[in-house]
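Asker: Following this message is one structure expressed as structure tokens.
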Amino acid sequence: MELLILKANAITTILTAVTFCFASGQNITEEFYQSTCSAVSKGYLSALRTGWYTSVITIELSNIKENKCNGTDAKVKLIKQELDKYKNAVTELQLLMQSTPPTNNRARRELPRFMNYTLNNAKKTNVTLSKKRKRRFLGFLLGVGSAIASGVAVSKVLHLEGEVNKIKSALLSTNKAVVSLSNGVSVLTSKVLDLKNYIDKQLLPIVNKQSCSISNIETVIEFQQKNNRLLEITREFSVNAGVTTPVSTYMLTNSELLSLINDMPITNDQKKLMSNNVQIVRQQSYSIMSIIKEEVLAYVVQLPLYGVIDTPCWKLHTSPLCTTNTKEGSNICLTRTDRGWYCDNAGSVSFFPQAETCKVQSNRVFCDTMNSLTLPSEINLCNVDIFNPKYDCKIMTSKTDVSSSVITSLGAIVSCYGKTKCTASNKNRGIIKTFSNGCDYVSNKGMDTVSVGNTLYYVNKQEGKSLYVKGEPIINFYDPLVFPSDEFDASISQVNEKINQSLAFIRKSDELLHNVNAGKSTTNIMITTIIIVIIVILLSLIAVGLLLYCKARSTPVTLSKDQLSGINNIAFSN
């Protein structure tokens, strides 16, 4: 029974994953750099998606024209209910096919040939529903971007004349075949469910008998289980507007997925990697509704191709690094902005700035190169020497010292500033460490939570070795007066250049001010000198005048003898 098979596959997958987890081992190490308030988690191995593998999955359907049975037996009623669900599901898929972008006009014209099912709703309602689905589908496509481009391309080809019949013919005597499509692409096609033969040859002959009786309940249960897969596939496509991710076990059971992986044109190491991590593979895969035609439902499954595996990967964690002046509002902050996942890739480094897009299983990192940037290997120098001349390390600046914590693989970075209380606690012993102002690090050994103000952080319990690399916080090297604030996408050289510009401006201002002051001093000296000279001259003139005056006053008047005799005195001359 298929439900039991699904459960068995799920259990097998879990056991395989657990076995792989223990077999792979944990060699994770972590280094915290006090100088830059950052930590690097090492010891991971890569699994980078570099391409897509597309396969066509088919389900053969039955064209149920009528149900003659009108019996009242409980088992017959259950069968009739399942048949109604089946017909409604097929109708839903027909409507969905009309509203998806890959459908062309020819396929739409040929749609009525397939089955005679119609919804009980009016035609106007169907048109409205179709328009809503189309808008939703287009919105979803904008969300996934170009990720499903290859799958959509294959889906479009299936709408061409004769493509479905070509696939149907190839799967007549087998459940798996390679089919060459009209665009020259060969795809692996698989028939995962044959409802047509089951309904036409086993079920309908029973329920359409004159007696309308079913001898055992197993027939009902078997049809419910087979029908359930179609109903779930229909529901997923309907809810997700024709494109679903991850790929569920209804789209592909675990055994079908493992079989498909085994048929992929990849190395044995790649097959082993995918087989041991089927849940991650499902999360990074897509199923795309294609066509329902010629009594066949066809949809495309798009699986990731991991072209780069087993290269070293590491994750960079960063937190704000600020000065710790007691005066509020006088601090400056610097934060590294190059946090994310890094993996070696063909002599360079693939950088994934959005770390959450990568999936981690044990020490394996699954990332999509579509979300990556290619950087030189010198990027590693930023961890040990942020001022290195070979690579310009990325930072951001601010003057807001906000306290926070960043949970790393093996501990936590704590940025504690101002009057915020920051502590690390053990669930049994309580607070085991109180952080002082600044940036600090604590490993997860013997520690369960970190508290920053009113925010509580739970640390990871991954095992590994932590190393604390001490160093002078680089923020202390900068002068708050010339430190540029609110640089959100800058580098060390750009910040230093702005600081140098500020210093040059200050020096120029000082020179101008000095020159102005020097000019003023010279003028003042000249004026003072002139005034002093004038005063000296005036004083000299006054002194000479006084001297002459005094000299004149001190000289006696002497009369001659004639003047004294009066003979020649003018007063007596007449």
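Yeah, the Cβs are placed from backbone N, Cα and C, and that goes for glycine too.
From Swiss-Prot, here are the annotated features:
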DISULFID  Cys313-Cys343  disulfide bond
DISULFID  Cys322-Cys333  disulfide bond
DISULFID  Cys358-Cys367  disulfide bond
DISULFID  Cys382-Cys393  disulfide bond
DISULFID  Cys416-Cys422  disulfide bond
LIPID     Cys550  S-palmitoyl cysteine
REGION    137-157  region 'Fusion peptide'
SIGNAL    1-25  signal peptide
TOPO_DOM  551-574  topological domain 'Cytoplasmic'
Asker: If you run the three-state DSSP split on Cys382 (disulfide bond), which class comes out?
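Answerer: Looking at the DSSP assignment, Cys382 (disulfide bond) belongs to a helix.
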Asker: Using a 10 angstroms cut-off on Cβ to Cβ distances, just flag whichever of Cys313, Cys382, Cys550 is the loneliest among these recorded positions.
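Answerer: Checked Cys313, Cys382, Cys550; of these recorded positions, fewest Cβ neighbours within 10 Å: Cys550.
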Asker: Could you measure between Cys550 (S-palmitoyl cysteine) and Cys358 (disulfide bond) for me? Cα positions, answer in whole angstrom.
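Answerer: That comes out at 111 Å between the alpha carbons.
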Asker: So which disulfide-bonded residues are near Cys393 (disulfide bond), with CA atoms within 10 Å, out of Cys313, Cys322, Cys333, Cys416?
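Answerer: Matched disulfide-bonded residues: none.
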Asker: Round to the nearest Å and give the CA-to-CA distance linking Cys422 (disulfide bond) with Cys322 (disulfide bond).
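Answerer: Cα-Cα distance, Cys422 (disulfide bond) to Cys322 (disulfide bond): 15 Å.
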Asker: Restricting to the chain of Cys358 (disulfide bond) and a gap of 6 or more, list residues whose Cβ falls under 8 Å of its Cβ, or answer none.
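Answerer: Within the chain, Cys358 (disulfide bond) has Cβ neighbours under 8 Å at Trp341, Phe352, Val365, Phe366, Cys367, Asp368.
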Asker: For Cys416 (disulfide bond), which of the disulfide-bonded residues Cys322, Cys333, Cys343, Cys382 has the nearest Cα in space?
Answerer: Cys322
Asker: Fill in the CA-CA distance, Cys343 (disulfide bond) to Cys322 (disulfide bond), as an integer in Å.
Answerer: 30
